[in-house]
Each structure stands twice: as C-alpha cells, then as structure tokens.
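The active site, proton acceptor annotation in Swiss-Prot covers D14. Residues or ranges marked as active site, proton donor by Swiss-Prot: H42. The feature GTP binding site is assigned by Swiss-Prot to 13-19, 41-43, R306, 332-334, 415-417. Residues or ranges marked as Mg(2+) binding site by Swiss-Prot on the basis of sequence analysis: D14, G41. Positions annotated as IMP binding site by Swiss-Prot, on the basis of sequence analysis: D14, E15, G16, K17, N39, A40, G41, H42, T130, R144, Q225, T240, R304. The substrate binding site annotation in Swiss-Prot covers A300, T301, T302, G303, R304, K305, R306, and the record cites sequence analysis as its basis.
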Amino acid sequence: MGKNVVVLGTQWGDEGKGKIVDLLTEQAKYVVRYQGGHNAGHTLVIDGVKTVLHLIPSGILRDNVKCIIGNGVVLAPDALMKEISMLKERGVPVEDRLLISEACPLILPFHCAVDIAREKARGNKAIGTTGRGIGPAYEDKVSRRGLRVGDLFNAELFAEKLKEVMKYHNFMLTEYYGAEAVDYQTTLDDALAMADYLKSMCVDVTEMLDQARKAGENILFEGAQGTLLDIDHGTYPFVTSSNTTAGGVATGSGFGPCHLDYVLGIMKAYTTRVGAGPFPTELECEIGDHLGTKGHEFGATTGRKRRPGWLDAVAMKRAIQINSLTGICLTKLDVLDGLEEVKICVGYQQPDGTVTTVTPLAAEGYELVTPVYETLPGWSENTFGVTSMDQLPQAAVNYIKRIEEILETPIDIISTGPDRNETFIRVSPFN
C-alpha cells in the first residue's frame, strides 16, 4: 500500500522545502505541485551542485520520478521552457517525466505588466510581490476570464479569448496605471508557438493520481511559499494569491483529501520573511545579521535579502492547526551555532498588557503585538552536517525537545546543511 505525503512550508516561505522534497522523493513515484507559480524558489544542493527550481517539482532530479504540475498552479509557458532548457543542459531528462494539467491558468506578459504597475502604484504600501504575474493570473481565474493551458490547443478560440482579456488589462495599464500597453499580436504568436510542446505533456492529472493511488504508488505533494502567506489564513493582505496550506492539495490537484496519509511541515530553527508585512519576532540587530549571513538568507527567486527573527511558536501552532501536521522537519539548525542563547516566542503581548497564544486574523493585529520569549542556552559547538541526535550538543538537543513540547508535535526530520546528505530522518513519512 502506497503513502500519500504532503510537504509544505509552515512559516513565510523559504523554509527549505525543495531539499526535503528531493530527499523524500527517493521513496516516491510521483511529485506534484498544486499551487503557486514560478514565484517559488526551491533550492537543491546535491554533491555540492546547486539547482534552483521555480516551477518544475523538485523531484525532477530523481530519474525514476514523474513530476506533475496540477491545476492549482498558474503556469508561465516561457518560464517553464527556460527551466526545462536549464535542466536539459545539465543532462536531466524532463519531457518524458513532466506532466501538466490542461486546467492550469496561464501567466502571460500582461499579467506581469499589471503586477509591476500595481506594485509601483502602491508606493510605500507595496506588498513586495515577485512581479511575475502570479496575483493577476489568479484574479483572472477567479473572475472567470482567465486563459488556461488547454485553451492553447484551439488557436482560433484562443485568439478570441486573448483579445477580450487583453482589452481589459491594457485598459487598466494605460488608463489607470499610466503604463504602456502590451502588444496583442506578439503575445498571441509567442503563446501559440509553445502550444504543441505543452500539449505533448498534458494529462488528466486527477485520473492519473487516482490510478497511481490505486496501484499503491507513493505520491508526494510539494507545497510552495508558506502557511503564513496563505491567501485566507496568512497575514492578509501581505500574502500570496493561492492556498499554501494542506487544503490546497485537493483543490489544486483533484486528489481526494481523505487519501492524504501524512502532512510534513517544514520549519526553520528560526524565522525569516522576505518582502513587506508584519513580523513580530524580527531581529534588526547583530543576532539578526548573524542569522541572515550564516543562513545565506537571500530569496531564491528575487535575490532580495530576507528578514530574520527568532522562532515564533505562536504562529507555528496556527500552522499546525490549519494543516493538521503529522510531523515537523526542522531546518537550518546549524545557523544557530555560536549564539550564547536562543529564544522561542511563546506568546504575544497585546496593547492592553494581556498575553495571548493565538495569532491575529490580519496584518493589523500582528503589528500591535509584542513577542513574549522563552530563553534557552545556546551552543558553541558545530552542528553543520551532523546526521544523528547523539552527535548534537546537549543544548541543541534541549532546544529541539523544548520546541516539540511547546508545539505538541514531533520533529521527525532534522536538517543541518544545504546538501541532501546533511539530514537525518527520525521518522520517515513514507514508512
């Protein structure tokens, strides 16, 4: 009997999901992306060689794994082609292992133009999007004017639909934002030029996954971004445009939720956030500099510097609730090496002086709270590359145990470096 495992981020993204997906796919037959787009940045390091994937599932580096892009993903054909070319140059076979849902909404050049124009218009209230058209593409989907991958396979109908949607977006660009219009003919020609190539990879994803489940295959669902960026449950409006939580698996792939066996939440040993938005445990001091420098905290997609802070157990408890986490993978433990003390946020002090252990429902509430910390001794020993609990310094072991106690959730996997080998699995999600 196969296992169906979800791997997702529990914080504001950048938790190290790509590495863990790559590690676990040694036991999986299928890896499925179910939300987001090429705003994701999943970094894999294998034998010292770094690969950054934005759209293609991280299982692509395992020769025996089929990679699926589900209907919940907004797909930029040009970005997909670039990523495929990059992988092929490295000798990674792609076409016979990458499968795509025809129902994926398309990201086209006008989506990117609107995204950039909108961020510019927001001024100092900008959300900090990647500028890759993710939000506008999801807007088109919800408004029922969006174009999907399957539309490309009828050139005449696609041209008509494209003309209509571009009338709307070009009007917004020129009349509201004062930006340049996007050329219709160029957009049409470029999109149709990729139609046959995309068609060769399209399948009925729901049917394929159901057949794989019935055949007893192991399936891994790969989340992008993180729980606190979820459009419904995150620090709204400083969020992404998709459901990054476990509930997004079913809607974004057509896989029945009752068939999910294990949900693994990826959590850094501290917290980071990239872009704008509230961040109660943010450290704008030497310790923050230590975390940012030692952790190489720069966005894999945008290159922007990430904002570091202490581990936020209040936010983590909400992530555990929303996702029904089975277990946690703790990453970047080694980044805490050399600190005299480490802190865990165990509560939020509100303006009236009361302390809560429940997260606010919107960004404004986060901005009003002050973190309440529990302080533990740090450690000077090196944990980089350690692959068993008995090799860790006692202070690091105590930190891990205390996190488990506070969160009431087991830490089943621990990562102590960027390479797939710098990890130890205490409990495997597939066993």
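The backbone N, Cα and C atoms fix where each Cβ goes, glycine too.
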For the IMP binding residues given in the record (D14, E15, G16, K17, N39, A40, G41, H42, T130, R144, Q225, T240, R304), what is the largest pairwise C-alpha separation in angstrom? 34
Give the distance between the Cα atoms of G16 (GTP binding site) and N39 (IMP binding site), rounded to the nearest whole Å. 15
Using Cα coordinates, what distance in whole Å links R306 (substrate binding site) and K19 (GTP binding site)? 19
Among the recorded positions K19, H42, K305, R306, which residue has the fewest other Cβ atoms within 10 Å of its own Cβ? K305
Whole-number Å value for how far G41 (Mg(2+) binding site) lies from G303 (substrate binding site) (Cα to Cα): 10
Hey, how far is K19 (GTP binding site) from H42 (active site, proton donor), Cα to Cα, in Å? 7
